[in-house]
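Undergrad: One structure coming up, written as C-alpha cells, with questions to follow.
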Amino acid sequence: MEFYRSSRRLQILGSVILLLSIHVAHSFYLPGVAPQDFEKGDELKVKVNKLTSIKTQLPYSYYSLPFCRPKKIVDSTENLGEVLRGDRIENAPYSFKMREAQMCNVLGRVMLDAKSAKAFKEKIDDEYRVNMILDNLPLVVPIERIDPGQGSPSVVYQLGYHVGLKGQYEGSKEQKYFMHNHLAFTVRYHRDMQTDAARIVGFEVKPYSVKHEYEGQWSEKTRLTTCDPHTKRLVVSSATPQEVENKKEIIFTYDVDFQESEVKWASRWDAYLLMSDNQIHWFSIVNSLMIVLFLSGMVAMIMLRTLYRDISRYNELETQEEAQEETGWKLVHGDVFRPPANSDLLCVYVGTGVQCLGMVLVTMIFAMLGFLSPSNRGGLMTAMLLLWVFMGLFAGYASSRLYKMFKGTEWKRIAFRTAFLFPAVVSAIFFVLNALIWGQKSSGAVPFGTMFALIFLWFGISVPLVFVGAYLGFKKPPLDDPVKTNKIPRQIPEQAWYMNPIFSILIGGILPFGAVFIELFFILTSIWLNQFYYIFGFLFLVFVILMVTCAEITIVLCYFQLCSEDYLWWWRSYLTSGSSAVYLFLYAAFYFFTKLQITKLVSAMLYFGYMLIASYAFFVLTGTIGFYACLWFTRLIYSSVKID
C-alpha cells in the first residue's frame with residue numbers, strides 16, 4: 001500500500017507542476033530598466049553596437065569600418081555577458097531631438113581609398129548588418145510579408161540593417177557593390193496625455209543607397225541636390241545608388257521621423273519577442289509527453305512486477321518466464337552495490353552534473369520571471385556564469401557524498417578533480433577558439449581583462465566553494481547499502497546481442513534527445529541566426545520532460561540489465577542517458593550543413609567548437625540525471641525485497 005500511496009503523491013505533484021508550467025508557458029516580460037520620460041526637444045542618444053553576420057559568426061566593432069565618427073568615441077560600460085557576446089557599444093554621431101523631425105541631415109563625407117573600399121566590399125560580401133541602440137531598444141528593419149495560410153500581410157522585424165548590397169546596373173552583367181549611406185529612421189513614442197512627456201517604444205530604419213550630388217566645392221554648408229530639407233526633397237528608392245570603389249566619395253545622410261504609438265512602454269518589446277510558431281512548440285511538448293507516458297507505463301509495470309510481489313511475500317508466480325526474470329535481478333544482490341571501476345572519475349562527473357543541473361534550473365526560473373529578458377543585454381550569459389561558479393558548492397557536496405559511499409578516504413583529491421576536470425576541458429577549447437577569433441581581429445575575442453575576471457571566478461570563487469562543499473559532504477555519514485556485498489565478484493553470464501553495452505547505451509540516448517530536438521532547432525536558430533529566444537516557459541516544460549525521460553529510460557534499461565544478471569550498472573546508467581549528447585552533436589552538424597551558410601573555415605571551427613562544449617555540458621547533465629534515477633531505483637528494489 002505504501003508503494004501505491006507514494007505513486008499517487010508523485011502523480012498529484014506531477015500534475016500540479018504541469019499546470020503551473022503551462023500557466024507560465026508564455027514567459028512574461030519584466031523590463032530590465034526603469035522607463036525614461038522625454039520632453040519635446042530633449043536630446044536622444046543613439047549608440048552603435050557591433051557589426052554581425054550569420055555567414056561568418058564573427059562580430060566587429062562599428063568603427064572597424066570607416067564610417068563617420070563623433071569627435072570622441074566613448075565606450076559604454078558592459079557587463080560580462082555583453083563582452084563575451086562580442087558587443088561593443090559606443091556613441092554615434094547621429095543627433096536626434098525628441099519629437100522634432102529632421103530631413104536629409106548630412107552626417108559626413110568619406111573618400112574611399114583602396115583599403116577602405118576593400119573593407120566595405122568584404123563586409124557586404126559577408127552580409128554584415130549594422131546594429132544600433134536607442135533607449136535600450138535595438139534598431140530593426142520592418143519587412144512586410146504575406147503569410148501563406150492567412151493571405152494578409154504581416155510585419156516582421158530584422159535586427160540591424162545591411163552595410164550594403166550587391167547588384168548590377170540595368171543592361172549590365174557586371175556585379176557592383178553599393179553602400180547604404182542614407183538612413184530613414186522612425187522613432188515611435190507613447191505620449192502621456194497628462195504630462196505631455198513621451199516614452200520611446202520603437203526604433204526602426206529603412207536603409208537606402210543613393211549617390212548624393214551637390215554643386216561647387218564641398219564644405220560644411222554645402223546643400224545636396226539629391227535631398228534637401230529646404231525644398232522638402234526626400235531620398236527615393238529610384239535614386240542612383242552609391243557605388244563602393246577606390247577614390248569614390250560617399251556622403252552619409254539620415255532622416256528622423258517621430259510617430260506616436262498606442263503601444264505602451266511596458267509592451268514595447270512585444271513586437272521583437274512575438275513568436276508565430278507556438279503551435280510547433282506545443283506539438284513538440286505533446287510529442288515528448290507521449291514518450292514520457294510510454295516510459296512511465298513501463299516503469300510502473302516493472303515496479304508492480306517486482307515490489308508488489310515481494311511486499312506480498314512472494315505470491316505464486318504465474319509463469320516460469322516471470323520466475324526466471326525475477327530471479328535474475330535478485331541473484332546479483334551481492335554484487336549490485338560493488339564500487340565500479342574508475343569510481344573516482346564517476347564521482348567527479350556526477351558532481352559536475354549536479355553543478356550543471358543547478359545552474360540550468362535556477363537560470364530558467366529567473367528567465368521565466370522576466371529577469372533575463374533581452375532588454376537586459378548579456379544578462380543571460382552573465383547569470384549562467386555566476387550561477388555555475390556558485391553551484392560549485394553543490395558539485396563538491398555531491399561528488400564527496402558518492403565518494404564516501406564507495407568507501408573512499410581522500411576527499412581533497414576528489415574535490416580537486418571536481419573543481420578542475422570539466423572547467424579545464426571547456427577552457428582549453430575556449431582558449432583555442434578565442435585565439436582563432438583574435439587572429440580574425442574580431443570584437444568577439446575576449447579581452448585580457450575579461451579573461452582575468454573569468455580566471456578569478458574559477459580559481460577565486462568556484463574552486464574554494466567546491467572544496468567547502470566536498471568537506472561538508474564528507475562529514476556526513478555514508479549511505480548504507482541495502483544489501484551486503486560479496487567478497488568475491490560474481491561471474492557475469494554471456495549477454496544477448498541487444499544487451500551489448502555500446503548498443504544499449506546508444507539506444508538509451510535516442511528518447512531523451514527526441515524529447516528536446518524540436519526545441520533545440522529554435523535555440524540553434526536563435527544563437528546562430530541572430531534571433532531572439534524568449535520562450536523560457538516552453539523551454540522549462542521541455543526540460544522537465546527531458547529529466548523525466550532520462551530518468552525513466554535509464555531505469556528501464558537498468559532493470560533489463562539486472563535481469564540478465566549483469567550488475568555493472570554504475571557507469572552504464574550514466575552513459576545511457578548521457579549518450580543523448582552524441583545525438584545532439586550529430587544534429588548540430590546536420591543543422592550546420594542544412595541551415596547555415598557558413599563558408600569560412602574559421603567560422604566552421606567556431607561553430608563546431610562551441611557545439612562541442614554544449615554537447616559536453618549536455619552529456620554531464622543528462623548522465624547525472626540518469627545515474628541518480630538508477631541509484632534510487634536499485635536502492636529501492638533491493639531494500640524492498642527479502643533476500644533469501
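The first residue you see is number 1, and the count goes up from there.
Placed from the backbone N, Cα and C atoms, the Cβ positions cover glycine too.
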Undergrad: Going by Swiss-Prot, do W329 and R572 end up on one side of the membrane?
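TA: Same side, per Swiss-Prot.
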Undergrad: With the transmembrane segment (378-398) as the reference, find which of 419-439, 452-472, 535-555 contributes the most Cβ pairs under 8 Å.
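TA: Selected stretch: 452-472, with the most Cβ pairs under 8 Å.
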Undergrad: Using a threshold of three or more Cβ pairs below 8 Å, and leaving out pairs closer than 6 in sequence, do the transmembrane segment (419-439) and the transmembrane segment (601-621) count as in contact?
TA: yes
Undergrad: I'd like to know the mean pLDDT over the topological domain 'Lumenal' (28-281).
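TA: Averaged over the topological domain 'Lumenal' (28-281), the predicted model reaches a pLDDT of 86.
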Undergrad: Any residues 6+ beyond the ends of the transmembrane segment (502-522) with a Cβ under 8 Å from its own?
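TA: Same-chain contacts beyond the flanks: 277, 280-281, 283-284, 287-288, 291-292, 295, 533, 535, 538-539, 542-543, 545-546, 549-550, 553-554, 557, 560-561, 572, 575-584, 587, 591, 622, 626.
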Undergrad: Quick test of the contact rule: Cβ under 8 Å, at least six residues beyond the ends. What residues does that give for the topological domain 'Cytoplasmic' (622-644)?
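TA: Long-range Cβ neighbours of the topological domain 'Cytoplasmic' (622-644): 3, 306-307, 310-311, 313, 329-330, 333, 336-337, 346, 349-350, 352-354, 356-357, 481-483, 508-509, 512, 546-547, 550-555, 558-559, 562, 569-570, 573-578, 580-581.
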Undergrad: For the transmembrane segment (352-372), which partner among 282-302, 419-439, 452-472, 535-555 gives the most CB pairs under 8 Å?
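TA: By Cβ pairs under 8 Å, 535-555 leads among 282-302, 419-439, 452-472, 535-555.
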